[in-house]
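Trainee: Have a look at this one.
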Amino acid sequence: MRHVQAELSPSSEPEAGPSQPPVRQGTLQGGLLMGYSPAGGATSPGVYQVSIFSPSAGASEPPRALKRPAPPTEGPRELKRGPGLGAREGLPPEEPSTVGLLSPEGLGLGLGVASQHFSHHGLCVVEHGGNTTSPWTSGTQSTPWLSSNASFNTLHTRDWAFPDQGGQGCLGETPGPAPSGQLHTLDTDLHNLAQIGGKSPVARVGNGSNPWPRESHGTANGHSPEHTPPGPGPPGPCPTKRRLLPAGETLDVSSEDEGPAPRRRRGTLGCPLAANSSDAKATPFWSHLLPGPKEPVLDPTDCSPMGRRLKGARRLKLSSLRTLRKGPGLLSPPSASPFPTPAVSRTLLGNFEESLLRGRFAPSGHIEGFTAEIGASGSYCPQHVTLPVTVTFFDVSEQNAPAPFLGVVDLTPLGRKGYSVPKVGTIQVTLFNPNQTVVKMFLVTFDFSDMPAAHMTFLRHRLFLVPVGEEGNASPTHRLLCYLLHLRFRSSRSGRLSLHGDIRLLFSRRSLELDTGLPYELQAVTEAPHNPRYSPLP
């Protein structure tokens, strides 16, 4: 590395020629030490190192100006191209040379420390302000020392780019004669980095914004933030802060630290977009938050008395139709009772018997504990089974007249085929009360040998009390119904006969007491459908 050291001379006249500065003993005086290292050869970028020495703040020696003779007469100095720039444009690459030039303002400001080191790798510092005449180009005496608060605009550029000023192009073009203030490749206003007062390391350019965060000169490694060679971002640990340009202002292309700010969409809300969407397929979990259907517009005729009467009549008609279709028994939940309850409708059938069997009376209560034992005999004897019986009683009169009980035996626990019986034989059904006492034993004889496959039919077995001697001639008005057993039969596709569905029973809760002294006896009557006798399965 080659060094060029400049110190303040006690004489006010410039020296006759370039000479080595004397080495002073004792206190170090103010001066400037410049050096250049080719690093990797002529083709690799060099490193410029500038050391500014200044007396301490308490030094009593007044500041002195430095004068140097003008360099030999030469043409207008062109801006130095960076290594590799000429090769890209078809020009031969230039040899890097040791260039360390001072402006007269470089030594005019005292620093608060003994020395400051500035190392620039591929960095070009160009002066934008301060229209002063350089003593090296004009040969005149340098200007007096400026005050410490004097500010000069400096521009740091990377990749050897140069801003367009006064119609000049970039360094890639052939530059014309540059102003005297721009002939220096190193502006000595770099010492403004160490100034106290919160000034930016790079002077404000154009709009006066500060692209780098302010940082103290005492860093962790004891060097200035500018000691680190410039990289893709600004020097220092802080990331680059981009600014947003106001409307109507264009971006300053001369600043490398401020890139194009991202555009912010106006009118966007902080809430997510999906909150304003109505796509129920994409976001089904918030569909309940959507507004419900609009209320129907009221017809003006509904406010009139006639409209209200018509509306009420229509509601009553719809309610009655629903009641007839479903039945009152279906309106209650099925879990309200542990046993099945026949559907009840207010519409009665032709006689009292049919109305009870089909559940057209509303039940007054239920009795639990009844059981029924079912058996059959014939060509074979199936195993007897015992099933619970659901018993329901009714209140059908106001004179406390006896009303029969309705018992329902559900055959569903036996399976889909029901209880298998022979085609010709006898069925025995024994009813037990909660005390396991026999209430009634029913014996029914049947013959369904001519029943085709996949058909169904039923048998209704009744027990009447009739006067003795009138068994065959007893009128229906003289018969009293005591017990009833209703059985349903079905033949499978293979021809097997079985009981299916349920078994319904009617029985009295106490013995019938007759007022007359005529003797009565029980008469059994078994009936089956006649036309047709068998019906095909649905």
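Cβ coordinates come from backbone N, Cα and C, glycine included.
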Trainee: To which of the residue ranges 436-444, 481-489 does Swiss-Prot assign the term region 'Transactivation domain 1 (TAD1)'?
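Mentor: So the range that Swiss-Prot calls region 'Transactivation domain 1 (TAD1)' is 436-444.
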Trainee: Which one of SER180, SER255, SER491, SER498 gets the tag phosphoserine in Swiss-Prot?
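Mentor: Going through SER180, SER255, SER491, SER498 one by one, Swiss-Prot flags SER255 as phosphoserine.
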Trainee: Looking at phosphoserine as annotated by Swiss-Prot, pick the matching residue from SER12, SER209, SER254.
Mentor: SER254
